[in-house]
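S.K.: Found this in Swiss-Prot, in case it helps:
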CARBOHYD  Asn113  N-linked glycosylation site
CARBOHYD  Asn183  N-linked glycosylation site
TOPO_DOM  1-36  topological domain 'Extracellular'
TOPO_DOM  58-89  topological domain 'Cytoplasmic'
TOPO_DOM  111-124  topological domain 'Extracellular'
TOPO_DOM  146-156  topological domain 'Cytoplasmic'
TOPO_DOM  178-197  topological domain 'Extracellular'
TOPO_DOM  219-229  topological domain 'Cytoplasmic'
TOPO_DOM  251-258  topological domain 'Extracellular'
TOPO_DOM  280-309  topological domain 'Cytoplasmic'
TOPO_DOM  331-390  topological domain 'Extracellular'
TOPO_DOM  412-427  topological domain 'Cytoplasmic'
TOPO_DOM  449-460  topological domain 'Extracellular'
TRANSMEM  37-57  transmembrane segment
TRANSMEM  90-110  transmembrane segment
TRANSMEM  125-145  transmembrane segment
TRANSMEM  157-177  transmembrane segment
TRANSMEM  198-218  transmembrane segment
TRANSMEM  230-250  transmembrane segment
TRANSMEM  259-279  transmembrane segment
TRANSMEM  310-330  transmembrane segment
TRANSMEM  391-411  transmembrane segment
TRANSMEM  428-448  transmembrane segment
Amino acid sequence: MSARCCAGQLACCCGSAGCALCCGCCPKFRQSRSTRFMYLFYFTLVIIPCCVMMSPSVMKQMTEHIPFFEDFCKGIKAGDTCENLVGYSAVYRVCFGMACFFFVFCVLTFKVNNSKSCRASIHNGFWFFKLLLLGAMCSGAFFIPDQETFLNVWRYVGAVGSFFFICIQLLLIVEFAHKWNKNWTAGTVRNKLWYASLSLALIMYSIAVGGLALMAVFYTQWDDCMDNKILLGVHGGLCVLISLAAISPCVQNRQPHSGLLQPGLISCYVTYLTFSALTSKPEKVVKDEHGKNVTICVPDFGQDFRRDESMVTWLGTLLLVVCISYSCLTSTTRSSSDALQRRYGAPELEVARCCFCFGPDGEDTEEQQNVKEGPRVIYDEKKGTVYSYSYFHFVLLLASLYVMMTLTSWFHYENATIETFFVGSWSIFWVKMASCWMCVLLYLWTLVAPLCCPSRQFSV
């Protein structure tokens with residue numbers, strides 16, 4: 001590693017320089033992207049010990065196989081076997097520290113418009129000191145007095161924050177559906193893109209119908225599972241309702257771009273949430289004619305799959321981290337932030353393209369051609385920020401609360417462990433059901449709002 005690269009990495013950790021990879025074969029990194037990835041890396045660093053804290057089996061293995069583990073636990077006054085660092089209360093405290101960390105930066109970076117200011121330098125650099133600050137905040141949360149009051153209050157704060165995090169994701173899904181359809185419709189006259197749009201709509205409807213049909217086969221029985229039957233019937237009816245509403249003459253009159261692509265995407269998402277809710281539902285056990293306990297309303301292979309708890313748990317936890325990280329990245333782009341504030345680009349500026357959602361964060365700069373050695377960073381925010389710094393930290397704050405509530409099984413926290421993460425609970429079931437219904441209502445509102453308020457200008 002060259003001296004210039006070492007100096008660059010030191011400037012990244014202890015100064016305001018951007019972080020990137022040094023080797024010549026590695027791609028160049030925009031500062032706007034590398035900063036977000038670093039914060040997500042810190043976010044993941046906190047989630048990992050939270051998962052360990054919710055796993056009694058992992059803590060037992062650590063006690064048995066790590067030398068001087070008990071001495072270490074006594075040294076930090078965490079109990080003989082670190083029992084004070086295990087369970088939902090420990091996760092609450094660690095996530096409280098992480099939420100405070102992102103709240104501080106949310107306030108600090110409010111109204112930052114370019115990367116030249118002092119506050120922007122703090123946001124984009126000084127990673128070593130920020131890691132120390134994050135560790136200090138998470139550790140300091142364990143010294144909060146009056147544990148019972150703190151946990152009760154923080155639980156409801158976490159529930160409210162998680163609700164807003166879910167709402168942001170649902171709003172962006174609806175916005176993405178409208179933007180996707182509008183973008184592809186812009187090219188139907190010149191490049192026959194409507195063929196692809198129609199084909200994709202048919203594929204998505206096939207997925208939705210097939211998914212509901214498979215759930216009807218595996219999650220219902222002829223003489224039982226009435227609640228699952230009602231649930232599938234209601235959600236199938238909602239998919240039909242939004243599809244008919246999207247192509248109705250009154251909606252088409254106000255929104256000529258409305259078609260089957262948006263409701264097809266929403267129907268697929270409703271189907272996914274329905275499946276996710278059914279898999280999160282507590283098992284229903286009845287006695288058969290021989291007096292044996294039998295689990296019903298779930299597929300047989302699902303019972304076998306759940307028995308391998310370690311594989312299901314850690315794969316599911318990994319998927320949770322990936323999905324939340326992706327949500328934080330996609331919901332903090334400038335276009336997504338503007339969409340949440342009902343600010344959209346002019347329709348005539350839309351260019352039809354298949355991969356519009358993967359556009360660059362910013363234009364290439366001259367520095368892209370000049371970086372030859374050392375950290376390969378492209379400073380793409382000198383003229384203006386690519387994303388809202390404050391909003392990015394706000395989303396990560398909400399994501400911290402969402403992770404906290406998800407890992408501790410929402411309001412069934414007393415007996416929650418990471419090993420029973422996918423066993424199911426009514427709290428998780430109803431959260432996913434509410435998310436599903438809210439998504440449908442949000443999409444319906446985008447269709448009927450121009451009809452209810454004709455004097456107002458709506459654009460999506």
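Here the Cβ of each residue, glycine as well, is placed from N, Cα and C on the backbone.
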S.K.: Before we move on, state whether the transmembrane segment (230-250) and the transmembrane segment (428-448) share at least 3 Cβ pairs under 8 Å, counting only pairs 6 or more apart in sequence.
M.R.: yes
S.K.: Could you give the number of helix, strand and coil residues in the topological domain 'Extracellular' (111-124) as assigned by DSSP?
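M.R.: The breakdown for the topological domain 'Extracellular' (111-124) reads 7 helix, 0 strand, 7 coil.
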S.K.: Check the transmembrane segment (157-177) against each of 125-145, 198-218, 259-279, 391-411, 428-448 and return whichever range has the most CB pairs under 8 Å.
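M.R.: The stretch I would name here is 391-411.
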S.K.: Compute the C-alpha separation of Asn113 (N-linked glycosylation site) from Asn183 (N-linked glycosylation site), stating it in Å without decimals.
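M.R.: Counting only the Cα atoms, the answer is 28 Å.
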S.K.: So what pLDDT does the topological domain 'Cytoplasmic' (58-89) average out to?
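M.R.: When the pLDDT values over the topological domain 'Cytoplasmic' (58-89) are averaged, the result is 73.
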S.K.: Check for me, if you would, whether the transmembrane segment (259-279) reaches the transmembrane segment (37-57) - at least 3 Cβ pairs under 8 Å, residues 6 or more apart in sequence.
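M.R.: Between the transmembrane segment (259-279) and the transmembrane segment (37-57), contact is absent.
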S.K.: These are the glycosylation sites: Asn113, Asn183. Which one scores highest on other Cβ atoms within 10 Å?
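M.R.: That would be Asn183, with the highest Cβ count within 10 Å.
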S.K.: Under 8 Å, at least 3 Cβ pairs, sequence separation 6 or more: does that hold for the transmembrane segment (125-145) versus the transmembrane segment (37-57)?
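M.R.: Yes, the transmembrane segment (125-145) contacts the transmembrane segment (37-57).
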S.K.: Return the stretch with the most CB pairs under 8 A relative to the transmembrane segment (428-448), choosing among 37-57, 90-110, 391-411.
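M.R.: Ranking 37-57, 90-110, 391-411 by Cβ pairs under 8 Å to the transmembrane segment (428-448) puts 391-411 first.
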S.K.: Tell me whether the transmembrane segment (37-57) sits in contact with the transmembrane segment (198-218), defined here as at least 3 Cβ pairs under 8 Å among residues 6 or more apart in sequence.
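M.R.: The transmembrane segment (198-218) and the transmembrane segment (37-57): touching, no.
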